[in-house]
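These notes are about the structure you will find just below.
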Number of protein chains: 2
Amino acid sequence: MSKDKPSIPKGTRDFGPATVVKRNHIFSVIKRTFEKFGFLPLETPAMENLSVLTGKYGDEGDQLIFKILNSGDFLSKVTAPDLEAGYKPLTRRIAEKALRYDLTVPFARYVVMNRNEIAFPFKRYQIQPVWRADRPQRGRYREFYQCDADVVGTNSLLCEAEIILMMDEVLSTLGLDDFTIKFNHRGLLAGMAEVIGANGREADLCVAIDKLDKVGQEAVNEELRQKGITEEAITQLQPILGLTGNVVDLLPQLDRLMVGSEEGQRGVQDIRQMLTFLESFQLRNAKIELDVTLARGLSYYTGCIFEVKVNNVQMGSISGGGRYDNLTGMFGLPGVSGVGFSFGVDRIFDVLEELNLFPQESQTITQVLIANFDEVSMRYALPVLQQLRAADISTELYPDSTKLKKQMAYADQKQIPYVVLIGSEEMASGLLNLRNMRTGEQQSLSLEQILQTLSPNATA
Amino acid sequence: MSKDKPSIPKGTRDFGPATVVKRNHIFSVIKRTFEKFGFLPLETPAMENLSVLTGKYGDEGDQLIFKILNSGDFLSKVTAPDLEAGYKPLTRRIAEKALRYDLTVPFARYVVMNRNEIAFPFKRYQIQPVWRADRPQRGRYREFYQCDADVVGTNSLLCEAEIILMMDEVLSTLGLDDFTIKFNHRGLLAGMAEVIGANGREADLCVAIDKLDKVGQEAVNEELRQKGITEEAITQLQPILGLTGNVVDLLPQLDRLMVGSEEGQRGVQDIRQMLTFLESFQLRNAKIELDVTLARGLSYYTGCIFEVKVNNVQMGSISGGGRYDNLTGMFGLPGVSGVGFSFGVDRIFDVLEELNLFPQESQTITQVLIANFDEVSMRYALPVLQQLRAADISTELYPDSTKLKKQMAYADQKQIPYVVLIGSEEMASGLLNLRNMRTGEQQSLSLEQILQTLSPNATA
């Protein structure tokens, strides 16, 4: 047995109680919102067949998939030429399984495998960890949770409108009051390329435009030039990139600009339809913004795309998504359109921490510690303990009769808000001593009164 | 891209919505109980360093650990002799990480790594999947959840008594009313070996005795003979194995039998102390039984051991645990005593399914489907949709204006209990049609009345 100081793999994390409790607060708001909107939970295995994952994330993605060594004698069917062929071909010989890299591919696999049992449109959410062999760095982990919700099997733009509603509800419920949901449409990006005479070059345009925020318009133009976009096209692009204002003003301008592009027209119409739906709803805190330079997931999104930024906080997008026309085509089932989005829990966690938005209640698990003076007081405490728990109050009795100071330190460290003290006086009178650990205040109360004070069902 | 029909690895499972919802019901009862008893949640990474896991589960266990192939060129530091040394030594050269095999070793690692920050006694629970390269078979999976709760850093037998209380609470809350919590003590097993003159042979005794239920006393005796236990010892063992009756009767008999064994005496005293604590508590449904033949985890348990069986159901134990004296010794931190237990969620699931104990409410997520007749009715429905959700009622609007029959089938398949129908008549009168999908009953109600009927906060 190794007596070395143990450690955890780079890029992974232990979540101690205080952190789990805060993360669960985020998860439960997300989960509750997804369910309120009619999404049902799905869970897929951590391990997928490697063949299911390979080729879905590009060459770079394939390299970042964690492969699982075949169990038993993985060399038994490996030949000398296999060993000499290099690590990539050898990988397929000795590793048949891999850890999931995202939740989208497993979802597509699930839909294809269960297409005869599923009620379409299928609204599912999935909150599970994924694994990527990325180089660990600040804010980037090798194991992290994704929180996805997708609808497949309908083209209705109600789904897009509801994505905006869910983003608004989750983030508002978590206490954020200044964030912007940016959206754009793949058709507008294609149309933009078309109308400036750079047909089909939207990928290059977008890669460059994506840096607009960071490097400024001049640097973007320079990149476009280097990519062989004509000077004329770049000139024509400028007014489009310069479009600002609220969506009501923007849409007619875009409509005119895109008059020569079918794709562009599709984008304008989809956005108009989505906004029509949104008009019937009230948003709580979200600002919405049509950003014609927003480009993400170009290789798979085909309709609306979304991204959420918290204003006045240094942090990348905390949520995003879009519509894709062909989720399950990779598994031989074409024509299944869907739209989905996800929340970045690690980033939301950091934002809530920075803005001090985790509610105190959500951080308390154990409500009461009963101090343990001696055997007699301990025996007296046992039925008290049971009655507090029966009233749904999380309670523990310190298991050893040790120094009170140590027990109080324990309550402090565990952030237990109340300590019940039962000494000889208390046993004689039946009035127990309830100490509020935050204020230091102590009260002599009957068990009845304590139950009333602390019960989660009591009216405060 | 592979167009083959996709599949999932052997021994793993997808959990579709209906199953996730039922499993979450079990998890939430377990979680709520753990928290009510003062346990705090911990989450550790799926991947551990292989060196942390190796040697902790015996040779057979080491073989069943899923290893993760090093990312990038895993062959770069592998030499020709490495390749010829066989798969076992090669594994260590090409796989530094592995999937966790249980929750106990990661917990021990966590305690050692964080011993200066932890408030002892440390009460943690952990509900996460584990992975084992076992041969898949009915009821045995390669990925399955464990639900563990442990206290480390105290010898108090209050912890043992509370384990029985938690087993009782979880299983009773889940609706089980006929189950037995069996317990025994490692000291009694050692004492038994001692008093029959087979000192230190308790492992052999236990392996044989463990089969008592299945093969009967004669076959057990025969196995003992073959293992070289003397005929005299076997004769002396018989009255001990034959001990039955309730614990109050048993304990004095055991006390007399164990008079010559220090270990045996320790067992009797511990059990007596635990029972003294239990007397102050009320059990809901559990029967408790001292079973001197109960043997499990002999290589690590050192005190009380527990096991729970549901009566009149064909199923192995659904919960178990025990005290161990040296959890963290494997990582160089001796002297940390602990006691823990866990629930077998897959087995509990099967038992609840068999006894039809999953509550109907726990299976409903979406409460209401609003049918979608046409564009006008859809527009009318949007604010209705938002108000239902604002009242915390999970609601969806069918996204497409399609045949009503198809929408009703969708509600049926998703087990949505209510459908709201909004036709031209309903829009004119403002009275919506609420259809109860179980009874088929339809009512004309105002939105106010619907909210009152369905609100989770409404008094039924």
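A Cβ is built for glycine as well, from the same backbone N, Cα and C atoms used for every other residue.
Curation does not apply to TrEMBL; its annotations are automatic.
Lifted from TrEMBL, the feature list:
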| type | residues | note |
| --- | --- | --- |
| BINDING | A:Asp102, A:Leu103, A:Thr104, A:Arg132, A:Gln146, A:Asp150, A:Arg296, A:Tyr300, A:Tyr301 | L-histidine binding site |
| DOMAIN | A:1-383 | domain 'Aminoacyl-transfer RNA synthetases class-II family profile' |
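Feature map: annotations from TrEMBL on the structure.
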{"residue": "A:Asp102", "record": "L-histidine binding site", "Cβ contacts under 8 Å, 6 or more apart": "A:Tyr57, A:Val130, A:Gln146"}
{"residue": "A:Thr104", "record": "L-histidine binding site", "Cβ contacts under 8 Å, 6 or more apart": "A:Asp148, A:Asp150, A:Leu327, A:Gly340"}
{"residue": "A:Arg296", "record": "L-histidine binding site", "Cβ contacts under 8 Å, 6 or more apart": "A:Asp210, A:Ile305, A:Glu307, A:Gly320, A:Gly322"}
{"residue": "A:Tyr301", "record": "L-histidine binding site", "Cβ contacts under 8 Å, 6 or more apart": "A:Arg186, A:Gly322, A:Arg323, A:Tyr324"}
Mean of the pLDDT scores, which run from 0 to 100, over the domain 'Aminoacyl-transfer RNA synthetases class-II family profile' (A:1-383): 93
Max pairwise CA distance, angstrom, over record-listed L-histidine binders A:Asp102, A:Leu103, A:Thr104, A:Arg132, A:Gln146, A:Asp150, A:Arg296, A:Tyr300, A:Tyr301: 22
C-beta crowding around A:Gln146 (L-histidine binding site), within 10 angstroms: 17
Assigned conformation of A:Thr104 (L-histidine binding site) - DSSP reduced to three states: helix
